[in-house]
Amino acid sequence: MSNKQESPSTVDKKAGTTERFSSAGFILAAIGSSVGLGNMWKFTYVTGQNGGGAFFLLFIACLLIVGLPVLMGELAVGRAGRGDAVISFSKLSGKKWWGALGFVSVVAAFLVMTFYSTIAGWTLHYAVQSISGALFESTDYQAVYDTFTASTAPIWWQIAIFIITGIVIAKGISSGIEKFNKIVIPGLLIILVIMLVRTLTLDGAAEGIRYFLYPDFSQLTFTSALEALGLAFFSLSLGMGAMLTYGAYVEKHQSLSAATLAVGAGDLAYALIAGLIIFPTTFTFGIAPNSGPGLVFVALPAAFAAMPFGNLFGGLFFILLAIAAITSCLALIEVPVAYLMRKYGHGRTKATVFVMIAMYVLALPVTLAAGGALSDVTFAGRNLFDWLDFVTSNIMLPLGGLFVTILVGFVWKGAGEETGMKGWWLKAWLFSMRYIAPILIVLIFLKYAGII
Ligand code: PFF
């Protein structure tokens, strides 16, 4: 019944989407989108590989100088355009071809979901295995990880992620995405605090905290700066039309600057807490903090095994990761769903089913490439999983962000008014959108293209 009510009427040809978040609901959903595997899984191992504290400072600088201005830009574009990236770009630029640039973001979100959901599925598996104690039956966690990723189990866990997120998305903005975030984000906070108390009372806590927070600038390279910027983008969900699409559901009276600050603070706080959980744990149990992407799935189970009530803390930790990953998946799926609803006049349920099926067709081989049957099928040295991660994170995402800065900085004249900012703040924001952000984005781009 509710599907019928939400059918094509949620997108009005002239006014755009008519669905809306409540003020608090939007902030929680946007924090839910930004807080994810990026902060806990990617942020900690990249910080570990770049020497710790100094890299964290760089990450904060990138978040403040580039990330927050671009986030504000995406929200303003979405709210003024009242639609997905394609329609908002062409409406605000006054040129239809800008829609093609917006389409890059829609495709990026679609592609990111195919591999992000693989890892999200792993977190569910690890949560269940940890709580049941099965995870700790062997002490060779690399072998456990290899056996799991080579089996067919990841396929089923990924399907579970698709089903959970599909149901929430089909329910709509206020009774789906907003409601889900309102329930799970406070839960996430509680689990974070429990984990934090546990890890800060470990024997190696002081050493871990020192590694994470004491800046040793000798460890930094130019590459670290670019990595910090890319991570800030990924972490704030920028360049994929996700914040832009959520922005389309924000009421006009809501302050975009307050929302930007809240999301930035939430994302940073989560990254800080993630570091304060991971590094004391790795130092206490003698695990190298720079052991790479396997840090969370291989190293931490070893640490949990050595802790009293480790299965419980391990279970809580992986549940935390799973919740954070699912709220991020919601934002990723909403991008193509919003596009289909507007473009073809589909109802929300139909658009969701269509997107989920299309995504899954690609997500299945991607999962098989992440340690499974297709992992050795490579093209130019990378398998399908690695290619998707590489192309989206390093090419499509910076490109999507760059288009937003150009649109806001040089093409769309109403950006300042949409944000409601005035005076010095407005000038600083526009300066960043016109010069600082695009130049830094182009630098990342040139680096990944191998030109610098
Ligand atoms: N910000 C998420 C994370 O840090 O894990 C990743 C992400 C989620 C990117 C949603 C884009 C998005 F639309």
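Each position is counted from 1, following the chain as shown.
Using N, Cα and C of the backbone, Cβ positions are placed for all residues, glycine too.
Among the features that TrEMBL reports, transmembrane segment is placed at 21-41 (among others).
Residues or ranges marked as transmembrane segment in TrEMBL: 53-77 (among others). Away from its own ends, the transmembrane segment (53-77) comes close to residues 43, 46-47, 88-89, 92, 211-217, 219-220, 224-225, 227-229, 231-233, 235-236, 238-239, 241, 243-244, 246-247, 250, 256-257, 259-261, 263-264, 267-268, 271, 275, 401, 404-405, 407-408, 412, 415, 418-419, 429, 432-433, 436-437, 440-441 of its chain (Cβ-Cβ under 8 Å, at least six residues beyond either end).
Here TrEMBL flags 97-116 (among others) as transmembrane segment.
Among the features that TrEMBL reports, transmembrane segment is placed at 155-173 (among others).
For the transmembrane segment (180-200), the list of distant contacts is 24-25, 28-29, 31-32, 35, 168, 208-209, 270, 273, 276-278, 280-281, 307, 313, 316-317, 319-320, 323-324, 326-327, 330: same-chain residues at least six beyond its ends, Cβ to Cβ under 8 Å. Residues annotated as transmembrane segment in TrEMBL: 180-200 (among others).
Per TrEMBL, the feature transmembrane segment maps to 220-244 (among others).
Residues annotated as transmembrane segment in TrEMBL: 256-279 (among others).
Per TrEMBL, transmembrane segment is recorded for 316-341 (among others).
Positions annotated as transmembrane segment by TrEMBL: 353-375 (among others).
Within its own chain, the transmembrane segment (395-412) is flanked in space by residues 70, 73-74, 76-77, 80, 85, 89, 92-93, 98, 101-102, 104-105, 107-108, 111, 230, 233-234, 238-241, 244, 430, 433-435, 437-438, 441-442, 444-445, 448, which lie at least six positions past its ends and keep a Cβ under 8 Å from the stretch. Residues annotated as transmembrane segment in TrEMBL: 395-412 (among others).
Marked as transmembrane segment by TrEMBL: 424-446 (among others).
Cβ atoms under 8 Å from those of the transmembrane segment (155-173) belong to residues 2-3, 6, 10, 19-21, 117-118, 120-122, 124-125, 179-180, 249, 325-326, 329-330, 333-334, 337, 348-349, 352-353, 356, 359-360, 363-364, 367-368 of the same chain, restricted to positions at least 6 beyond its ends. Remote same-chain partners of the transmembrane segment (256-279), defined as residues 6 or more beyond its termini with a Cβ less than 8 Å from a stretch Cβ, comprise 26-27, 30-31, 34-35, 39-40, 43-44, 47-48, 52, 56, 59-60, 63-64, 67-68, 71-72, 75-76, 79, 192, 195-196, 199-200, 208-209, 211-213, 235-236, 247, 250, 289, 295-296, 300, 317, 324, 418-421, 425. Outside the transmembrane segment (21-41) by six or more residues, the chain places 116, 119-120, 123, 173-174, 177-179, 181-182, 184-185, 188, 231, 234-237, 242-243, 246, 249-251, 254, 259, 262-263, 266-267, 270-271, 274, 278, 293, 295-296, 320-321, 324-325, 327-328, 330-331 with a CB less than 8 A from a CB of the stretch. Distant neighbours of the transmembrane segment (353-375): 110-111, 113-115, 117-119, 121, 145-146, 148-152, 154-155, 158-159, 162, 166, 170, 333, 336-337, 340, 346, 383-386, 388; these residues of the same chain sit at least 6 beyond its ends, with a Cβ under 8 Å from one of its Cβ atoms.
A contact between the transmembrane segment (424-446) and the transmembrane segment (220-244) is present, since 3 or more of their C-beta pairs, 6 or more residues apart, lie under 8 Å.
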